[in-house]
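The next block holds one structure in the form of structure tokens; read it before the comments.
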Protein chains: 2
Amino acid sequence: MTTITGAAKKRLEISDIIGGACVNQAVSIHGAVHSLRDMGGITFLTLRGRDGVVQCVCPPEVDLKGVSEECTAVVSGVVRAEERAPGGFEIAAAAAQVLSRPAAPLPVPVSRWKLGLNLDTELALRPLTLRNLRARSVFRVQEGIIRAFRDYLHGQGFTEIHTPKIVRAGAEGGSNIFRLDYFGRKAFLAQSPQFYKQMMVGVYERVFEAAPVFRAEKHSTARHLNEYTSLDLEMGYIDSFYDIMDMETGFLKHCFRLLRTEYAADLGRLGVALPELEEIPCVRFDEAKRRAAERYGYQIRDPYDLEPEEEHHIGLYAKEAWDSDFVFVTHYPGKKRPFYAMDDPEDPRYTLSFDLLYKGLEVTTGGARIHDYAAQVEKMERLGMRPEEFESCLMAHKYGLPPHGGLGLGLERLTMKLCALENVRYACLFPRDLNRLDP
Amino acid sequence: MTTITGAAKKRLEISDIIGGACVNQAVSIHGAVHSLRDMGGITFLTLRGRDGVVQCVCPPEVDLKGVSEECTAVVSGVVRAEERAPGGFEIAAAAAQVLSRPAAPLPVPVSRWKLGLNLDTELALRPLTLRNLRARSVFRVQEGIIRAFRDYLHGQGFTEIHTPKIVRAGAEGGSNIFRLDYFGRKAFLAQSPQFYKQMMVGVYERVFEAAPVFRAEKHSTARHLNEYTSLDLEMGYIDSFYDIMDMETGFLKHCFRLLRTEYAADLGRLGVALPELEEIPCVRFDEAKRRAAERYGYQIRDPYDLEPEEEHHIGLYAKEAWDSDFVFVTHYPGKKRPFYAMDDPEDPRYTLSFDLLYKGLEVTTGGARIHDYAAQVEKMERLGMRPEEFESCLMAHKYGLPPHGGLGLGLERLTMKLCALENVRYACLFPRDLNRLDP
């Protein structure tokens, strides 16, 4: 009988080499052939690993017959310092052993610094275009964001939850919900984990989830996806809905710290300079609208709505007036918020809620929720809803919930703005939109 | 203008009190009223927080009018050592301020040590029954498992990915797939991230995802869910498929370490003694079947299939012969594996694949995948599939992929066996099965 001990093998990484740890040592390292340049006898083979690329200089004695881009191989040789090489080190290759070969040459120049493709082509060839160093760095940064979200909340006493994506009722209402047949019953894909995270506040007080949500919106804009990753949190025993904004600000500061320390190479490749985040200005909805309209000289069309163009202007205002990429806009009108939003007792036309705008784009929606059963039922009836259809969603309210609130943050939108991408589709590995279901 | 600084408020936790940090100090602490016992004048109020319960002793002077179970409140008083109190400390209460009240008394005795409900009732009232201390500890352990998965893989150079759940084609084949209408086109819910994680091996070499998957199986057993959380990994540049089992074993060892250090209270509440995991025995499919049949005296019915009853016997055999709760069963017949499984070159009736059984239940399926485009197309054609329908899934193969393999681990199944639960539904917050879509 064999046994498996779980002893991880030591693998030599490209970062070890370009970090200078192996100079003048003989090494063998695997990777994909990122590019291949024959300089008349000597061939420069750039090997791509998960954490970077390294230049391998192959004299004619190294057999490169049948080696092409996107072959995978093990290159053996001696590491030497070479200031002209990317990273400052290269491998003087003695041999290259091919592990696998592509069946066809790449249809696009993956190894170029900028891909230079149009959006449709880049996304249609995503399994290949993601091999581009800058394209893949976007999703390393995205990993950093989600790690920071979990780490920070974990440190703040939150528990991670996993709630169902096939549901009996939508949380956000409206028609933008995907329907499916569930063993002969009508079911939906969750637009958000809203009901479930509220239920779980009754269990763990503070919960979070990072998971896909689904919106059947027929918008085709640069900021909408039909499936995205929502970073959700919900917290009980809040003193006010400002506690939720404080939690988000704490997360963002932690996120930037983590990205700076652990994702510097990816940020550098993307040319991203992270904002120095100390605090986030916070302004009421009506005041934000008024200030932006005055400063940029336009008329407010609808006092109870916030159009994308206005968000853009409020973001600009926050940058110019307060030197901040971020701004919390608070006290949204009840009309723009779902039934679970808590009304402002001082003016019930407004709610104790907020959006976070980042460079003029809404990346988060949050606020205090109604925790009292009678108050929630009353508001639903006032809005023409039938509370009896939401019996299981209101069970937690009926049998007791603390004052609470929470937020939902769109991972792809945050990634998009952080990496200065033009379209949210670039911030999603395999985006789903009106026309895109593949790959 | 207000600003938000993200300075987290210091909250007093119940674990601070029962950890002995506040003895003889005046404190105020929030929580839900878990139970209330009037002992003739003096009332024992048990306050439930996210991290435990604390006994509050309320003399008649403390106004408890209108206080009932599942009210939330802030209790003020002095902490004192009291060996008869749960945790060894209690609060001599001076005041209780109610924050919220339920609209109705609890329909089930949430504060009992064991709920004692049948499965249907417990799941129908899940928002309430999860408030039971033992029920909620299950999902703290589950959090520990998923944290360990991410932490371990992160340390091994894996990148986290997020792949679409609405897909154009199923990965696992067969009829057990949910269909939905996607803006007039036929689409499916992902049965696994298989194709996508293989594509991403071409990008990051090592990737993982922890996300929901969907199976429209019409089974109603104690081990099937129609939606579950799959812990998936895929790794390139493997020397053999044993590397994948090594990675899983390393994860499990890390997982048990993390649970022991950070989730001891929850394990204790559930009475779970974690196995001392040093190594996992590994046995071929045909040999495992033969050994179990010989030892437990039955005939092998189908040499190419493994029935649940046989899994149970192999698990029993591993425990008796090797004193192991875990056993890797390797070299599954090709008939039982999907088209992407790599055949064993030494005997192509079998594949370079494995299952991990834990106490006789399959919790993981994994193996080496075909990385060569021509070999993959040839196998698909041999199986009667049409490779042209999988063009985008095969793009990564066509343009080069390293030798690779991976696995998928069912989070709920692992939780179920670890916590010695009788039914996998107890290991899912809000399970989805043939009859259950709510809550």
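Residue positions begin at 1 at the first shown residue.
The backbone N, Cα and C atoms fix where each Cβ goes, glycine too.
What TrEMBL records for B:P86 is site 'Important for tRNA non-discrimination'. Look at TrEMBL and you will find B:139-439 tagged as domain 'Aminoacyl-transfer RNA synthetases class-II family profile'. Per TrEMBL, L-aspartate binding site is recorded for B:E172, B:R215, B:T365, B:R369. Here TrEMBL flags B:194-197 as region 'Aspartate'. The ATP binding site annotation in TrEMBL covers B:R215, B:A216, B:E217, B:R223, B:H224, B:L225, B:E362, B:G410, B:L411, B:E412, B:R413.
Locations of recorded TrEMBL features on the structure.
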residue	record	Cβ neighbours (10 Å)
B:P86	site 'Important for tRNA non-discrimination'	13
B:R215	L-aspartate binding site	22
B:E217	ATP binding site	17
B:H224	ATP binding site	19
B:E362	ATP binding site	17
B:T365	L-aspartate binding site	21
B:R369	L-aspartate binding site	27
B:L411	ATP binding site	21
B:R413	ATP binding site	20
Task: Quick one: of the recorded positions B:P86, B:R215, B:T365, B:R369, which has its CA closest to the CA of B:L411 (ATP binding site)?
output: B:T365
Message: I'm trying to understand the geometry here, so how far is the Cα atom of B:P86 (site 'Important for tRNA non-discrimination') from the Cα atom of B:T365 (L-aspartate binding site), in Å to the nearest whole number?
response: 43
- request: Using DSSP reduced to three states, classify B:P86 (site 'Important for tRNA non-discrimination') as helix, strand or coil.
  value: coil
- line: Mapped onto three states, the DSSP assignment of B:R413 (ATP binding site) reads helix
Message: Spatially, which candidate from the binding-site residues B:R215, B:T365, B:R369 is nearest to B:R413 (ATP binding site), comparing Cα atoms?
response: B:T365
Query: Using DSSP, how many residues in the region 'Aspartate' (B:194-197) fall into helix, strand and coil?
result: 4 helix, 0 strand, 0 coil
Task: Measuring Cα to Cα, tell me the gap between B:R369 (L-aspartate binding site) and B:E362 (ATP binding site) in whole angstrom.
output: 20
- line: DSSP, reduced to three states, assigns B:R369 (L-aspartate binding site) to strand
- request: Looking only at C-alpha atoms, tell me how far B:H224 (ATP binding site) is from B:R215 (L-aspartate binding site), rounded to the nearest Å.
  value: 9
Pairwise CA distance, B:E217 (ATP binding site) versus B:T365 (L-aspartate binding site), rounded so that it is a whole Å: 17
